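Enquirer: Handing you a structure now.
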């Protein structure tokens, strides 16, 4: 890892660790096979290209009249092994939407669709509707029609990096707080683990600064005692238990990923830029030090007898520049814990003092406009300790809420 700005050069610390970790035969296993998939109406149409029009029928349930709506594909905004996401315009209403088009296995239900149908939160991307389309090769595609948000946190970060600037702290607070609100909702209400939190999967409205967690293609409802694949989550943001091959993990893997995103916003570059699964663990050990036997047991009991070279943790204040607020460093340290059960929850992160500025009575955006909604909590506060609720809801917000 390169030296952090204002911090130590850690490059020499990892040689012995790399040799030891390599002996663990930690590797990137292949991607999981297709999951259960299924969906609604089948419509004709070729692959989306600029100017191509896709038509579908919506309605027809609960005495709602059926109607045809058409979308004109305007530009591709994302591609991957899953398929393609393109920006489109509804010809009937003029509304801009994002359509995610994924190849559909006719034998299965689509897990992403099932999860998206179960969610409704201001910090989670919303599904408007969905439809199937076919190609001339008789391939079946599922089209998820979602609200369109023009920017991603990745692009916002890149903008500041290109300008050789750090993201202003007020935006770090605003974006991370909303990420944790979104995670608090998905972890508790539908009870889902996202499993791929990274800047590319966080959308930002540049006018309102509202943030939305997107891309539920890897998401899953985790069931205690049921095995899951460990090769999940993009490398820089992968929790150490996943690198250790754990298959019974919890939603705390998302908390680790969010901690990596927070550190990246503060530093202007990834905290753990590993070049492979092995190197990823090396990068983590160079910062957090060698995990204790108990920490290894919490991540994956199969590795407790494995002998790691003893590397001391690098103090967090040496990773970040001297002017970094102690509250920011404290929050990072509570998120990036080896033991999954020691990481704070998403709601506890929201209540952290790092975000106190957002709770001030007359707090506003730097341009004088109001913040996006921050305190309109609903189901995610069910069964939450009253003390935590009072920390999450400032007095001025309590007057307008049901809590």
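Each Cβ is built from the backbone N, Cα and C atoms, and glycine gets one as well.
Pulled the feature table from Swiss-Prot, pasting it below:
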{"type": "DOMAIN", "residues": "71-355", "note": "domain 'Protein kinase'"}
{"type": "BINDING", "residues": "77, 78, 79, 80, 81, 82, 83, 84, 85, 100", "note": "ATP binding site"}
{"type": "ACT_SITE", "residues": "196", "note": "active site, proton acceptor"}
Enquirer: Over the domain 'Protein kinase' (71-355), what is the model's mean pLDDT?
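Expert: Its mean pLDDT is 94.
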Enquirer: So for residue 85 (ATP binding site), how many other CB atoms are inside 10 Å of its CB?
Expert: 22
Enquirer: Below 8 Å Cβ to Cβ and six or more residues apart, same chain only. Which residues does that give for residue 77 (ATP binding site)?
Expert: 85, 86, 87, 98
Enquirer: C-alpha of residue 79 (ATP binding site) to C-alpha of residue 196 (active site, proton acceptor): distance in Å?
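Expert: Just about 16 Å between their Cα atoms.
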Enquirer: How many other Cβ atoms are found within 10 Å of the Cβ atom of residue 196 (active site, proton acceptor), counting all protein chains shown?
Expert: 22
Enquirer: Quick one: pull the CA-CA distance for residue 196 (active site, proton acceptor) versus residue 81 (ATP binding site), whole Å only.
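Expert: Answer for this pair: 14 Å between alpha carbons.
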